[in-house]
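According to TrEMBL, the protein carries these features:
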REPEAT    136-168  repeat 'ANK'
REPEAT    169-201  repeat 'ANK'
REPEAT    235-267  repeat 'ANK'
REPEAT    301-334  repeat 'ANK'
REPEAT    335-367  repeat 'ANK'
REPEAT    368-400  repeat 'ANK'
REPEAT    401-433  repeat 'ANK'
REPEAT    467-499  repeat 'ANK'
REPEAT    500-532  repeat 'ANK'
REPEAT    533-565  repeat 'ANK'
Amino acid sequence: MLDFLCYYFGNKDALVRSILRYAYIEVVNERTQLESINEQFGKYTIIISRKYEHDYFERIKHDLQRGKVNQCFCNAQMKLEKYRVSFLKVLKSIENDHIFDQHTLQDIIITSCFRGYYNIAMYFISKDVDLNKGFSHYTPLTAACNGGNEEIVQLIIDKGCDVNQVDGMLDTSLTAACKRGYKKIVQLLIDNGGDINQVNGMLEIPLTSACSYGNDKIVKFLIDKGGIVNQVDGMGHTPLITACRGENEKTVQLLIDKGSDVNQIIDMRETPLTDGCRRGKEKIVQLLIDKGGVVNQVGGFKETPLTAACKKRGNEKIIQLLIGNGGDINQCDDIGDTPLKAACEIGNEKMVQLLIEKGGDVNQVDCFRETPLTAACKRGNEKIIHLLIDKKGDINQADGMRRTPLTVACMRENVNIVQLLIDKGGNINQVDGMSETLLIAACGIGNEKIVQSLIDKGGDLNKVNGMSETPLTAACKRGNEKILRLLIDNGCKVNQMDGMRRTPLTVACHNGYEEMAQLIIDKGGDVNQIDGMRETPLTVACERKNEKIVQLLIDNGGDVNQVNGMRDTPMTAACKRGNEKILHILIT
């Protein structure tokens with residue numbers, strides 16, 4: 001609608017004066033343009049002819065006098081030098097300096113310095129403004145440096161500004177100019193006392209800032225002027241590691257030629273070579289190796305270049321490069337990783353194949369005693385598992401937690417891998433570090449297909465694990481009726497007590513699984529059996545306030561007067577819980 005109104009009324013000469021007098025300042029800023037400027041304008045622009053230019057600037061003057069200084073600076077024509085000349089004349093014609101409060105004055109100076117409004121910046125700077133104090137974000141100097149305005153930088157320096165001051169954005173003028181790539185400004189600042197090695201509030205130094213953005217000319221200039229090539233910034237980064245992360249080969253080459261230490265480690269940081277390998281930068285890796293990078297060096301993050309390379313997909317060429325230059329395929333780094341295990345963890349089949357062909361030990365354990373095969377089972381990569389087994393990977397080798405590949409596959413519910421490992425000779429009755437059997441683990445997670453596979457291959461149906469469970473009590477806890485039926489149909493003892501001396505029926509009653517309780521009873525479960533905790537199914541059901549199971553047990557011969565090991569009858573258990581409905585069932 002605004003476009004239409006501007007187009008319709010703005011081109012009627014008789015209405016222009018009214019528009020200038022009464023329109024919102026936003027309309028004047030965004031929709032008007034002086035004819036005398038002779039610049040291209042938009043379709044809906046209101047063109048102010050020469051005869052109305054005086055009225056136009058009177059309106060601008062009126063807005064300035066009313067304190068709308070910032071709004072006037074938002075005028076779309078401010079980008080035009082011709083307009084700024086006329087605008088400055090209006091500013092100078094206003095004698096009242098009180099229209100500029102301190103905050104507004106600072107905003108105008110920052111805007112002018114950043115956008116390159118030289119004459120306007122000079123006018124306001126001449127008003128006895130302290131260029132070093134009171135600015136909340138940019139200072140005038142950092143604003144001019146970020147904007148790339150060399151003349152204004154020179155103007156501000158000539159006014160005595162501190163070239164090493166940190167602004168409210170925690171930047172210095174020199175690091176700002178280095179980031180933006182303004183070499184002439186960098187030179188100007190250094191010539192006027194800019195500290196080449198100063199750390200700014202963001203913990204950067206000029207050299208790392210230039211390296212981050214790949215400004216080779218500035219990097220060379222800074223070094224030639226005394227920049228320390230191995231200096232560490234506040235983040236623990238050297239120029240070389242920063243250049244490697246910026247993926248700029250020319251900058252990396254330049255720094256090395258100027259004496260950068262290719263094997264330098266700072267605190268807990270990586271070496272340049274490890275960082276290049278992690279990021280998959282083949283050319284930078286080649287360059288660092290050619291310049292003396294140690295291929296088996298452990299960095300501050302405790303990784304070797306080879307394990308770092310194996311953690312990123314598509315790094316096969318870098319791996320070949322490292323191995324070709326002496327990389328130890330079976331080196332275990334300081335965090336316990338091996339190259340082969342790392343490749344298995346990300347599921348990279350080509351990488352695994354390459355490492356094995358080059359001599360990777362398929363049964364080597366890391367510091368957690370995890371093998372490549374258990375890592376591949378976690379990842380769920382069947383092709384890699386096939387590859388490792390074909391190369392004599394030990395199917396039954398336990399890790400530091402005493403988990404075998406088969407245990408891991410069961411816990412991940414990967415039916416295909418479980419079947420593959422069983423077919424290849426996996427021990428289905430082997431226990432893990434918690435004395436957990438595969439069958440109990442599968443029952444606990446509720447995976448029917450895995451349970452069936454384990455039973456078919458001879459899994460012990462009545463074995464008690466380290467948590468004192470049997471497969472049947474584990475299934476009753478989980479509430480999986482299909483697995484319960486499967487176990488019973490294949491020979492599980494329905495009245496067997498587990499290591500906690502609980503029966504399947506008391507476990508089902510405790511957890512409120514009515515259908516499972518019915519199934520156990522149908523398969524011969526003893527409704528009056530006192531378990532090792534001295535509980536009867538009926539007292540358990542009463543304590544859990546489950547009316548349906550209470551009725552089910554009574555209907556199937558549950559003794560309503562039987563005393564448990566705590567000398568409670570079902571009725572006293574119900575009374576303790578205050579359940580009148582169960583009391584009624586027991587009495588009737």
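A Cβ is built for glycine as well, from the same backbone N, Cα and C atoms used for every other residue.
TrEMBL labels come from automatic prediction, so no person has curated them.
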Q: May I ask for the residues of the chain that lie six or more residues beyond the repeat 'ANK' (368-400) and have a Cβ under 8 Å from a Cβ within it?
A: 336, 338, 340-341, 343-347, 349, 352-353, 356, 360, 362, 406, 408-409, 412, 414, 416-417, 420-421, 424-427, 430, 432-433
Q. By Cβ distance under 8 Å, which residues at least 6 away from the ends of the repeat 'ANK' (467-499) in the same chain are close to it?
A. 434-437, 439-440, 443-446, 448, 451-452, 455, 459, 461, 505, 507-508, 511, 513, 515-516, 519-520, 523-526, 529, 531-532
Q. What are the DSSP helix, strand and coil residue counts for the repeat 'ANK' (401-433)?
A. 16 helix, 0 strand, 17 coil
Q.
Do any residues, 6 or more residues outside the repeat 'ANK' (301-334), come within under 8 Å Cβ-to-Cβ of it, and if so which ones?
A. 268-271, 273-280, 282, 285-286, 289, 293, 295, 340, 342-343, 345-346, 348, 350-351, 354-355, 358-361, 364, 366-367
Q.
Across the repeat 'ANK' (235-267), what are the DSSP residue counts per state (helix, strand, coil)?
A. 16 helix, 0 strand, 17 coil
Q) When the pLDDT values for the repeat 'ANK' (169-201) are averaged, what is the result? A) 94
